[in-house]
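*Asks:* Here it is, the structure in full.
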């Protein structure tokens with residue numbers, strides 16, 4: 001964290017090309033949802049993804065990232081998207097649907113077949129690794 | 001990078017500044033109160049009537065100008081309440097409202113400069129009606145005529161703004177909005193904080209605010225500085241991004257260890273070695289500080305020095321060099337006492353720091369209670385490590401996530417079947433059996449070698465190998481056994497994280513067995529030397545006696561004292577022990593480095609460059625690149641530290657060497673990892689294994705404390721070397737100090753305290769305290785669990801309540817806007833009705849006179865009750881209702897503020 005670098009090198013930018021949710025991150029933090037960021041959006045992103053950000057804030061943005069269709073709920077389709085991105089589509093459709101079922105089974109508090117922000121926060125704030133993995137450093 | 005940092009800094013600074021200010025406000029408030037208590041008389045008598053005239057005129061106009069905006073706001077609020085489900089649109093209106101607010105601010109600020117007096121009254125009006133209006137910014141720049149109520153109101157607004165600043169970080173707003181709100185709030189606070197203090201207090205208050213600001217800035221700078229001062233942070237982050245957090249945890253542990261060793265080094269060097277070098281008797285003055293005549297010729301040879309013999313042996317690095325004078329130098333420094341106390345405090349400090357860091361690690365994981373019922377969710381939402389910035393690691397991560405999903409599916413499907421359980425069990429038993437065989441074999445080998453080396457030590461002209469056989473065998477065992485264990489552990493088919501723990505446990509057992517065999521053999525050696533000591537003592541006495549009494553010397557001239565190099569001396573077992581540990585440490589270090597160089601670097605070079613001309617693919621096939629061996633490295637570090645702890649009492653210089661070792665290995669291993677290792681095939685997180693390391697370290701610390709305590713307590717020190725020579729036991733030095741340097745009653749107290757009759761009850765008491773605290777913590781955790789259950793139940797109730805309500809609202813809104821008779825919408829409506837009604841009511845009553853003032857105050861209340869509902873889109877209706885009760889102040893202030901003047 002100590003160096004005063006103002007220009008990103010090519011490698012540093014290249015280094016974040018592997019994140020399966022990179023497009024989602026860009027979309028969530030851009031103002032009009034198309035993935036083009038202004039400086040403020042960019043700052044916004046890093047303030048959320050920094051190590052010091054409060055965890056409720058992180059949970060809120062994580063929810064938005066995993067909410068692929070922007071309907072303020074994580075539904076089964078969003079979950080499928082997430083699994084497919086995480087595994088690069090190496091799981092069969094039955095497996096994917098089984099996983100989604102399980103996730104909904106575990107985390108859906110009000111049994112409406114989708115995860116609301118509250119369900120998500122309730123689940124994610126108990127995860128032991130969430131805070132340590134949901135941040136970016138350059 | 002710098003952008004990110006700045007953004008963070010600004011935010012963090014804003015947050016802390018707000019907090020610090022609100023903290024300092026308490027004092028400022030108190031200091032300000034004394035003048036403000038007196039003010040009401042003045043305020044009521046003098047300025048209020050003067051202002052009343054224009055105010056009354058304006059009052060007729062103000063509701064007209066105020067109401068359209070309010071209605072607009074209400075409509076918006078209702079819309080938001082209805083369309084609570086459509087957050088996207090709410091976001092837009094949010095932004096819209098912000099613009100609106102700013103526009104109104106500007107619009108109000110402009111005219112206020114022209115007709116201040118008139119506008120001020122009007123705006124005061126608005127402020128009371130508006131919940132927290134930003135129009136305050138222009139209202140009261142001329143300070144003296146502020147009444148108490150206004151002050152209180154400003155104070156509350158300042159408080160609100162401060163809260164806003166403090167909680168800015170955790171608001172999910174876009175950066176532009178955050179910045180705008182922050183600036184606005186800061187400006188507001190800055191402007192009014194100064195205005196709140198009056199007269200004499202004002203300057204003091206301003207000064208104090210300035211100092212508080214400076215202090216906050218200093219704190220932030222200091223914090224940044226501290227972050228920058230963390231050594232090797234960049235290196236470790238770099239490794240973390242390439243290899244995942246498990247490898248980085250080793251380096252963090254190494255860094256922590258380096259810090260601990262630096263403290264120990266400072267303790268020993270500052271209190272023992274440097275006083276001895278500066279003030280003690282110089283080299284060559286007495287026999288224990290002189291190389292004996294027989295060794296003098298070879299004493300400077302490198303091979304001798306490398307074995308820590310010769311000049312090294314007779315230096316301040318080892319126990320034997322120190323003299324048993326009670327005080328040294330002009331400072332009358334009690335060196336033997338200091339030596340003993342430093343030896344004790346090395347252990348004390350290490351115990352304290354290990355236990356403290358374990359406790360602080362534990363504190364972070366309080367929420368780790370029933371996390372096992374979210375396996376799939378956690379896998380889905382937290383398994384991706386956002387830190388990964390390397391495509392190779394990312395590939396591995398993808399693969400590991402896929403396998404882990406598959407594994408959990410299989411676990412889920414076959415949790416009842418367990419068909420292979422017998423085979424797995426058999427394989428695990430077999431693996432454990434093999435490993436126990438290995439452990440026993442290595443233990444015996446070391447015992448055998450140490451016995452042999454004792455025979456070698458009696459013989460003359462032994463070869464280099466025979467002299468260093470023990471160290472070589474131990475290092476070789478340490479090098480080859482862990483991979484062997486790993487191969488055997490492949491039979492067991494554990495999850496890598498559990499496998500890592502097993503592997504750590506096994507290597508731990510191996511190292512421990514080796515170390516203790518080594519210690520037992522060393523103990524035999526010590527006993528042998530101690531039994532010889534008596535004869536040597538006699539020989540020394542006789543030599544000196546003969547030297548002084550021999551004939552053939554002129555009796556009149558006193559003989560010059562015998563040259564210290566010629567005096568026969570004992571074997572000094574303490575120095576021998578110190579030398580053993582020193583050699584072990586150095587050879588361990590060398591073996592580690594050579595292993596890294598050969599096993600990792602040369603292998604990597606070979607694989608990389610011979611791949612062009614080889615018959616199979618070296619990178620993917622057999623030799624491949626090495627993985628970083630976390631368990632072996634961690635345990636090597638821990639055992640090295642154990643040796644340091646054991647040896648540091650007999651070789652004070654050992655810690656210095658260890659500091660060097662840790663420093664070099666930090667750079668060397670960082671380089672080796674980055675240059676020649678590949679990420680693990682199955683990347684896994686280092687979750688909580690940090691405390692596992694600490695637990696191992698604590699165990700090793702305890703185990704290394706035992707032999708040292710035993711030797712100090714039950715073996716007599718050598719008669720002619722070391723700071724405790726001539727005493728019966730080493731701890732006698734404390735008794736001596738107590739008797740000679742403290743007043744006698746203290747000595748009596750110490751003697752009383754050392755009485756077994758007191759110690760045994762004290763130990764009993766401690767046990768009882770442990771039992772009691774343990775039961776208390778158990779009951780607390782039970783209470784915790786119950787509370788958690790209760791919270792969950794509450795959540796469920798609330799949720800069901802809310803869903804019922806939500807459904808009702810949806811139905812209502814589907815009908816028509818007018819027909820809403822039950823829920824939130826009704827509330828809003830009522831609020832609106834009340835609001836406008838109260839507006840006219842207040843006006844009328846104002847005009848009527850003093851008699852109706854209290855009822856006017858009451859009717860103002862609904863207005864403020866309503867406003868939070870319309871302002872905050874996300875707030876539930878019931879919370880909106882509860883709000884006015886949380887601010888009872890507003891109603892009272894309303895009452896008082898509008899008491900008509902007389």
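Just so it is clear, glycine is given a Cβ too, placed from its N, Cα and C backbone atoms.
Model, not experiment: these values are computed from the prediction.
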*Asks:* Of the residue ranges B:232-255, B:256-279, B:280-303, which one carries the transmembrane segment annotation in TrEMBL?
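*Replies:* Among B:232-255, B:256-279, B:280-303, the range TrEMBL annotates as transmembrane segment is B:256-279.
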*Asks:* To which of the residue ranges B:407-428, B:429-450, B:539-560 does TrEMBL assign the term transmembrane segment?
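*Replies:* That would be B:429-450, the stretch labelled transmembrane segment in TrEMBL.
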*Asks:* Identify the transmembrane segment range according to TrEMBL, selecting from B:383-402, B:503-522, B:563-582, B:623-642.
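*Replies:* The range carrying the transmembrane segment annotation in TrEMBL is B:503-522.
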*Asks:* Looking only at residues six or more beyond either end of the transmembrane segment (B:256-279), which have a C-beta under 8 A from one in the stretch?
*Replies:* 316, 321-322, 328-331, 333, 335, 338-339, 341-342, 345-346, 349-350, 353, 357, 637, 641, 644, 648, 652-653, 655-656, 658-659, 662-663, 666
*Asks:* Could you give the mean pLDDT over the domain 'TMC' (B:572-687), rounded to a whole number?
*Replies:* 85
*Asks:* Which residue counts does DSSP yield for the domain 'TMC' (B:572-687) in the helix, strand and coil classes, in that order?
*Replies:* 82 helix, 4 strand, 30 coil
